[in-house]
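*Asks:* What TrEMBL lists as transmembrane segment is A:9-30, A:95-123, A:135-164, A:170-191, A:227-253, A:273-295. The annotation domain 'ABC transmembrane type-1' is assigned in TrEMBL to A:95-292.
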Amino acid sequence: MADYVLRRILALIPVFFFVTVVVFMIVHLVPGDPIDNLVRIGVTPEQKALIAARYGLDQPLYLQYWRWLTLVLQGDFGSAIVLRRPVMDLIRENIGYSLTLGGLALCFSALVGITTGAIAAAWRNTLVDKSIMGVVLLGSTVPAFWLGLLLILLFAVTLGWLPVSGAKHWTALILPVVTVGLGGMALVARVTRVSMMDIGRQDFVTLLHAKGVPAWAVQVRHVLRHALIPVVTLLSLRIGLIVGGSVTVEYVFARPGIGSLLIRALGQRDYPVVQGCLLMLAMAVMIGTLLGDLVQAAMDPRQREESR
Amino acid sequence: MLLSVENLQVQFGRLQALAGVSFSVNRGEVLGLVGESGSGKSLSAMAVMGLLPLSGGRVSGGSIHFDGTDLGSLSPKAYRKIRGGKVALVTQNPMTSLDPVVRVGQQIDQAALLHLPVDRTEAKARTLALMDRLRIPNAEMVYTLYPHQLSGGLRQRIVIAMALAGEPDLLIADEPTTALDVTVQAQIIQLLIELVQERDLGLVLITHDMGVVARTCDRVAVMYCGRIVETGPVEAIFASPRHPYTRALIGCIPRHDMAPGDLVGIPGVVPSVAAMPSGCRFHPRCAQAVSRCFTEVPPLSAAGDNHASACFLTDQPGEAS
């Protein structure tokens with residue numbers, strides 16, 4: 001197992017370099033540049049060139065990339081052009097909010113999704129199943145920002161139970177977490193339900209019953225355990241979303257976060273900030289996938305061997 | 001009688017899958033339950049195990065007595081104690097019968113822990129002894145492996161060990177060798193027979209292979225389309241088969257003195273539950289069918305000592321075709 005973990009981590013190194021290239025190219029190939037956001041209208045091209053030279057934007061792309069990459073490898077994401085502050089500081093200020101919201105939303109998706117999915121599978125084709133799947137259908141089709149507005153209207157404005165927005169008190173987290181987590185919860189519930197029903201049809205489950213294992217234990221200890229293997233994959237793919245996947249919801253609830261930082265920086269073509277944020281997102285996706293694979297390998301001995 | 005099934009009827013919704021099946025097994029006895037796929041052999045096994053609800057079926061008539069207890073009258077909890085503890089199942093495909101993410105040793109332990117007053121250490125010791133008895137080499141090492149790391153033959157031994165771990169009195173083996181290599185098949189059958197003698201078990205051996213039946217069973221019940229068509233001691237069944245279906249099944253055993261092309265199958269296919277023929281259900285495939293066979297159901301009538309056949313032509317014993 002230790003051997004497997006090491007190989008999976010080493011395999012991420014080339015992926016990381018490829019990602020840096022893509023992030024850098026995307027940012028620099030978008031039309032427009034950050035200088036326009038710094039200067040007043042009517043500046044001469046000569047003055048603009050001077051500013052560009054100060055930030056190294058006049059150099060060939062490969063040189064700019066090399067300079068950025070060497071900085072990144074030292075843990076420095078450079079300085080924001082428009083905001084005039086180190087990108088690392090900006091990310092540090094915002095990432096806590098993103099991780100809290102995204103992490104809690106992921107936990108909400110996982111816990112509520114698995115529980116409701118398992119309940120729906122156990123009582124399949126009954127009213128319980130149909131009501132759960134109805135909510136799940138809503139959860140997977142309603143856009144998060146609109147749902148957020150509805151929740152604010154009901155719980156914050158009409159009932160007054162929870163704050164409308166902000167990030168000062170923990171109660172202010174409840175509505176955003178539900179808003180962000182509902183889509184994931186719906187997906188998790190569906191996958192759990194289908195995969196439990198699938199596993200339930202297999203021979204070894206019949207044999208577990210034939211052994212005299214109590215029906216609930218067959219479902220929870222054996223069937224659910226198998227059903228969680230695809231759910232883990234699904235959740236690991238959503239880890240990447242923890243960091244930046246809730247931009248619209250951050251806007252609706254007026255919360256800071258990496259998503260909001262990224263959108264603002266994009267508007268201003270603030271290359272170092274955009275690159276830094278995108279790199280953080282990409283790394284979150286990479287780490288998420290790695291974690292998912294490792295958890296799967298821990299859960300299923302067959303996977304450890306196949307990739308040997 | 002250890003197990004006695006009387007006039008068992010099983011329904012799936014409105015479809016009748018078993019239409020009055022009776023058979024019985026004693027301790028130390030091997031009953032062969034024979035028939036093509038779809039004849040209701042496995043369904044009978046599932047009914048005895050009380051596992052029909054898993055596939056949406058139910059017992060709609062008749063009775064199943066085990067050691068004098070009417071299984072139909074048991075609470076779900078009491079039935080669960082019977083499963084694995086008194087009656088155990090060996091399934092057809094060892095590739096899919098084991099939990100792929102649990103070590104095989106622990107899967108065997110589980111049955112002992114459920115049904116015997118043992119702790120984990122004792123359960124493991126019993127498992128290892130059982131694995132040794134089933135001639136599993138390196139039991140200590142195999143105990144820690146996962147199913148996918150074992151060969152088909154070894155896996156089937158694990159399934160058998162799992163069935164025996166709860167110390168049952170009756171074993172139901174549903175085509176235990178169908179998925180295995182021919183060389184391994186004989187070993188597994190041999191093992192089962194030894195265990196029956198050693199532990200004074202009753203064994204219901206479900207198979208479609210008359211060759212296996214001839215070598216291993218004491219008595220035979222031939223099933224066709226949810227009914228028993230012939231039942232009797234194995235010698236009588238093979239010496240003077242009365243039902244045309246039994247004769248046809250025996251005709252499917254290849255023999256070394258056959259000329260090429262002599263081996264014949266049974267023409268036609270097993271009809272589906274939804275479209276059962278009237279009268280004798282075998283009549284569309286039967287060469288000897290007379291007009292009565294199209295309308296009347298032939299009753300199971302005596303054809304010798306403990307030998308009975310459900311055919312209007314039972315009185316005329318025929319040669320194995």
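These residue numbers are counts, starting from 1, taken along the chain as shown.
Using N, Cα and C of the backbone, Cβ positions are placed for all residues, glycine too.
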*Asks:* Does the transmembrane segment (A:135-164) come close to the transmembrane segment (A:9-30), meaning at least 3 CB pairs under 8 Å for residues 6 or more apart?
*Replies:* no
*Asks:* For the transmembrane segment (A:95-123), which stretch among A:135-164, A:170-191, A:273-295 has the most Cβ pairs under 8 A?
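*Replies:* Per the Cβ under 8 Å count, A:170-191.
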*Asks:* Are there residues at least six beyond either end of the transmembrane segment (A:135-164) with Cβ under 8 Å to its Cβ atoms? List them, or say none.
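*Replies:* Answer is 116, 171-172, 174-176, 178-180, 182-183, 185-187, 189-190, 246, 248-249, 251-253.
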*Asks:* Which residues, given as numbers and ranges, are at least 6 beyond the ends of the transmembrane segment (A:273-295) yet have a Cβ under 8 Å from it?
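*Replies:* Same-chain residues near the transmembrane segment (A:273-295) but 6 or more away: 4-5, 8-9, 12, 15-16, 19-20, 23-24, 26-27, 68, 72, 77-78, 80-83, 87-88, 90-91, 95, 232-233, 235-240, 242-244, 258, 261-262, 265-266, 303.
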*Asks:* State the residues, same chain only, that lie 6 or more residues beyond the ends of the transmembrane segment (A:170-191) and have a CB under 8 A from a CB inside it; answer 'none' if no residue qualifies.
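*Replies:* Distal contacts: 100-102, 104-110, 112-114, 116-117, 120, 132-133, 135-140, 142, 144-145, 147-148, 151-152, 155-156, 162-163, 230-231, 234-235, 238, 241, 245-246, 249-250, 252-253, 255.
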